[in-house]
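Over in Swiss-Prot, the protein carries these features:
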type: BINDING; residues: Gly11, Gly12, Gly13, His14, Ala15, Gly16; note: FAD binding site
type: BINDING; residues: 270-284; note: NAD(+) binding site
Amino acid sequence: MSKSWDVIVIGGGHAGCEAAAASARAGARTLLLTHKLETIGEMSCNPAIGGLGKGHLVREIDALDGVMGRMADKAGIQFRMLNRSKGPAVRGPRSQIDRRLYREAMQAELFSTGNLDIIAAAAEDLIVEDGKVAGAVDAAGQAYRAPRVILTTGTFLKGVIHRGEDRIPAGRVGDQPAIGLSDRLYGLGFQMGRLKTGTPARLDGKTIAWDRLESQAADDTPVPFSYLNHRIDVPQIACGVTYTTEETHRIIAERIGESLVYSGRATGVGPRYCPSIEDKVVRFADKTSHQIFLEPEGLDDDTVYPNGISTSVSEETQLLFLRTIPGLEQVEVIRYGYAIEYDYVDPRELYPTLETKRLPGLYLAGQINGTTGYEEAGAQGLVAGLNAALAVQGREPAIFARDEAYIGVMIDDLVTRGVTEPYRMFTSRAEFRLTLRADNADQRLSDRGISLGVVGPVRAAAWTEKKARLDAARAFARSVTLTPNEAVKAGFKVNSDGVRRDVFAMLAYPDVTLDDLGRIWPEVFTWNTDVREQIEIEAAYAGYLDRQRADAESLRKDEDLRLPADLDYAEIGSLSNEVRGKLARVRPLTLGQAARIEGVTPGALTALLAHVRRGRAA
C-alpha cells in the first residue's frame, strides 16, 4: 500500500532541509524521506556556516524565507564578518556553529512545518512510469508516490570512505551508502562521475594546550545571518590558532603513499580550494608551516575540529603528525579523519530549475550536482523545492538570473559549464558583485519570493516594513540639498560650481559622514542602523552601480531571447561539430546561456540567432 504526496524529498541534509521547507512553504504536500530522523540537519564536516561568497548564499536563502540563516543564528558561537575592512560587496558573514544546537533547531523547525511529513526510511529506488518519475521505494519495498521527487543524497551515492589502507562503503562515518539510487540513475542513462572530499580528525579539547595557542575572538557585535534577527543571544567563544611544523611535513611526506590521492587509488577529484594536508605538503613543498584553526564544535562539547588538515592517511600516521603541532603534543583523537568518494550527476543534465532533462519530474540538489558546502547545497535545495511545488501547481518556474542573485550565478555555472571538481561559491564568480551584496539580499529577492508564494507572512510583514523605511529615507535623501555656499558654511569642502548636492552627493565625499549631515538635517538621526548602512553604501557605489545596471540590462537582452526547447542543432549547417555537440548537450534555454558555454564562439552565436529568427519568421 502506498500513500501519495505532491513532492518527495530524499535526504535530510542541508539541501534536503531547504528543499522540504521550501516545497511545503510554497503550498505543496511534501514528504521528507530520510534514513534517520536524528541526523536531519547534521553538519557532517566543518562546524561553520557562511564565509566569502557562502555568506551571501545564506543571506539569499534567508531573503526567500529559507531556514539556514535563522538556524545558524540560534546555534552560532563565534560570529565574524570576514573582509570587514574591505568594501561591502566582498564582506562575508560567517559563524562557528554548535553542531547539537543547529541540528536540534533544524529538526524542531521542520517537525513544526505545515504541509510537511517526515518519515525515517532509506530510499532505494525511484518509481518511473510513462517516462516520468512517480515516486520512490524504500529498502523494505514500501512505495511513496509523488509526481515530483527531489534527490538530495549528499555523499551517499555509492560512497566509500578511505583511511590509509582501509576502504569502507559508507555515506559518512556510521551510515550506509545509497547503492540502489545510484544504480537507477546509471540505468536511466544519466552522465555521472566520481568526486571526493575529506575531513580532519576530531580532537579531544581537554588534551589541547590552549594556553600555548594564538586566539581568534568573535566580533564584539555579532551580525546575524537572518534579516529577521537583530541580535545574537548565544554565548560567543574564541578559536585557537596553531601551525604545522617541518616535522609534521616530514612524517606526511614519508608516508604519502597512505594518502588516497597519492596511493593511486583515487577515482574522484577533490575540491581545489580545500586541499588535504597531504596535498599542501606536496604542492607547497617550499612552505615550512600551514595555519590550523582549532574550532570547538559546541558550547558543552569537548570535540574540536582542526580546520586546515583534512587527511586520508592511516590512524597511526594521523596521531604521529598531530602530536608534532604546537599545542597538540598530548592530543587525543576522538575520531580520525578520512576521505570519501561518491557518485555525482553531471549538472549539465539539469535545467536551471534543477529538474533533470532526462527524467521529467526528478530534481537534484546539493553534492549530487557536483558542489561542495552546506550553503551551496541549501541554496540549491530551496530552488529545487520551490520549483517542484510550482510545477505541481501548474505555475511558471522560478529561474534566478546572474544579475539577481549568487544563487543564479551558481546554478547557471553548474547547468551551463558543468564541473570537473567540487564547485564552491566565491564572490569572484559573480560579474555583478557590487549589486549582489550580502547586505541587500532581501532587497533583491524578498518581493520575488512573496510573489512566488515561498515567503511566509512573518517575513513578508517584516520586509514590507523595512522597505517602507528604506524608501522614505531614500526619498528624503534626494529631496534635501545644499548649495556650494551652504556646504562651505557648514564646514564641508566642495567645489564652487553652483551645483546643489543632496545627501547621496554629499556622502560621495570621503570625509563626509551621515552624522555630519545629521547636524544639518536631523531627520537622518531617526534612521536605524540598517537604513543608514544602505544609504551610505548606495552613495559610495552610486556611479559603479549605475554602470552595473547598464551591463545587467545588456545581459538581460540576451537572456530574454529564448531558444526553442526542441531546437535541432544539426540543422544549423555553419556550426562546427564540436559546438553543435556542446549545444545539444546543454540545451541552453536562452541565447545568453548559450554564450556562456565553453567553446561557443561569437560566430556560432550569430548563426544560432539567425537560425532562430528565420524559424520565427517562417
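Counting starts with 1 at the first residue shown.
Glycine residues also receive a Cβ, built from the backbone N, Cα and C atoms like all the rest.
It should be emphasised that the depicted structure is a prediction, and the values quoted were computed from it without experimental measurement.
Positions of Swiss-Prot features highlighted on the structure.
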{"residue": "Gly12", "record": "FAD binding site", "Cβ neighbours (10 Å)": "28"}
{"residue": "Gly13", "record": "FAD binding site", "Cβ neighbours (10 Å)": "29"}
{"residue": "Ala15", "record": "FAD binding site", "Cβ neighbours (10 Å)": "34"}
{"residue": "Gly16", "record": "FAD binding site", "Cβ neighbours (10 Å)": "30"}
{"residue": "Gly270", "record": "NAD(+) binding site", "Cβ neighbours (10 Å)": "22"}
{"residue": "Arg272", "record": "NAD(+) binding site", "Cβ neighbours (10 Å)": "13"}
{"residue": "Ser276", "record": "NAD(+) binding site", "Cβ neighbours (10 Å)": "28"}
{"residue": "Glu278", "record": "NAD(+) binding site", "Cβ neighbours (10 Å)": "26"}
{"residue": "Val282", "record": "NAD(+) binding site", "Cβ neighbours (10 Å)": "17"}
{"residue": "Phe284", "record": "NAD(+) binding site", "Cβ neighbours (10 Å)": "12"}
Problem - Secondary structure at Gly16 (FAD binding site), reduced by DSSP to three states - result: helix
Handout entry: Distance from His14 (FAD binding site) back to Val282 (NAD(+) binding site), taken between C-alpha atoms, in Å
Key = 33
Problem - Candidate with the highest Cβ count within 10 Å, taken from the binding-site residues His14, Lys280 - result: His14
Practice task
Look up Phe284 (NAD(+) binding site) in the DSSP assignment and reduce it to helix, strand or coil.
Solution key: coil
Exercise for the section: Measure from the Cβ of Cys274 (NAD(+) binding site) and count the other Cβ atoms within 10 Å, all protein chains considered. Expected result: 19
Practice task
Would you list the other residues of this chain near FAD - those whose C-beta lies within 8 angstroms of the C-beta centroid of Gly11, Gly12, Gly13, His14, Ala15, Gly16 - in sequence order?
Solution key: Val9, Cys17, Glu18, Ala19, Thr34, Ile40, Thr152, Gly154, Gly366, Ala377, Gly381
Problem - Lys280 (NAD(+) binding site) and His14 (FAD binding site), distance between Cα atoms, whole Å - result: 28
Completion exercise
Rounded to a whole number of Å, the separation of the Cα atoms of Glu278 (NAD(+) binding site) and Gly16 (FAD binding site) comes to 32
Practice task
Could you find out if DSSP has Cys274 (NAD(+) binding site) as helix, strand or coil?
Solution key: coil
Handout entry: Residue pair Cys274 (NAD(+) binding site), Gly16 (FAD binding site) - Cα distance, angstrom, rounded
Key = 23
